[in-house]
Ligand code: GDP
Ligand code: MN
């Protein structure tokens, strides 16, 4: 689950990570109210107005702007709220901005230099360990840094049995060229950031930029936080942070129906029970020379109602040219599933305009095939994996 910047910062702050402080606003009026409040809390005179959407690169698209007085706060917030913000990470039509974060200006002048760093925490799947990735080149696209100056990106892997060690945090501060107060602040920052990552069951943190202020404070100016959906049951307060308006409507609908659905780009819709079988089915489609249109795990109870909901969801994707149903009847008997499919098909009538290939294997598979073959519906049935693949090929060629 992705979070908005302001939500990510709330979590970081609760773990003692210093963040650029701010409050959210839904209207220009509210923006002025919270800007005044922020001035009282922090003493800041200048405010940064930041569009809250689930996409980065907002600065480049005009979604992050500095306001030097309250009139400008009102004017800029008014412009940004309601706009369709286009950034390199949004769809070409942009994303509608519903909220802005009014934040303190932390780029104030002073005796020391201001520096922007990059820092992320993520799982290195190859080694099965968390790692901190960081760079002196903050504030810009890390992809660009990786392409042109890869030697400026450092990584630090963490041994899960002992956690982040003091020497590792010091090495990071050292590699970022820090000394004195800023060095100490960075060590503390890295330590709290890593604790936050582990504590909230995140799958990714990306803080770009991490700022060294002119008075040697280390601050998270931005926060891209992704939490692990499978751990959300442990964090009811974070689960409430989900913003469904930022998610694909079709995936929201599937989730509400208890289906595990991920939209993909291919032409063969899949309906499968069990994540492992779903993965194998996607492989099968690829071996047949096609691409899956989705990942869909209908779970253990493949009754007519669920099959119908799954059908409807798959058919909302205009790219779908065929549907492959691959169900293993273990606890759920194949004949029941077959009846469910036939009933759903009957209910949906002429809404289904693409060929359906059904492979049912397991308890009562033969009976299931018979039900499908005798239903009079244009459903192609198969029992073996290879047969199913051949049928997909036939249907699409
Ligand atoms: P992103 O463009 O979506 O990654 O949004 P960021 O939160 O990273 O902000 C974009 C840019 O706005 C930063 O890289 C900074 O250059 C600038 N910015 C952010 N906060 C401040 C601030 O407090 N003062 C000033 N002057 N600029 C800021
Ligand atoms: Mn950023």
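Note: Cβ is positioned from N, Cα and C throughout, glycine not excepted.
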| task | Check TrEMBL: it lists 330, 331, 332 as binding substrate. Then name which of 230, 260, 273, 294 it lists for that same site. | result | 273
| query | Should we count any of the binding-site residues 273, 330, 331, 332 as near ligand 1, judged by a CB under 6 A from one of its atoms, and which? | reply | none
| request: Please average pLDDT over the domain 'ATP-grasp fold succinyl-CoA synthetase-type' (2-210) for the predicted structure. | output: 96
| task | For residue 58 (ATP binding site), name the DSSP secondary structure in the helix/strand/coil scheme. | result | coil
| In angstrom units, rounded to an integer, how far apart are the Cα atoms of residue 331 (substrate binding site) and residue 58 (ATP binding site)? | 49
| request: Tell me which binding-site residues (116, 208, 222) have a Cβ under 6 A from ligand 2; sequence order is fine. | output: 208, 222
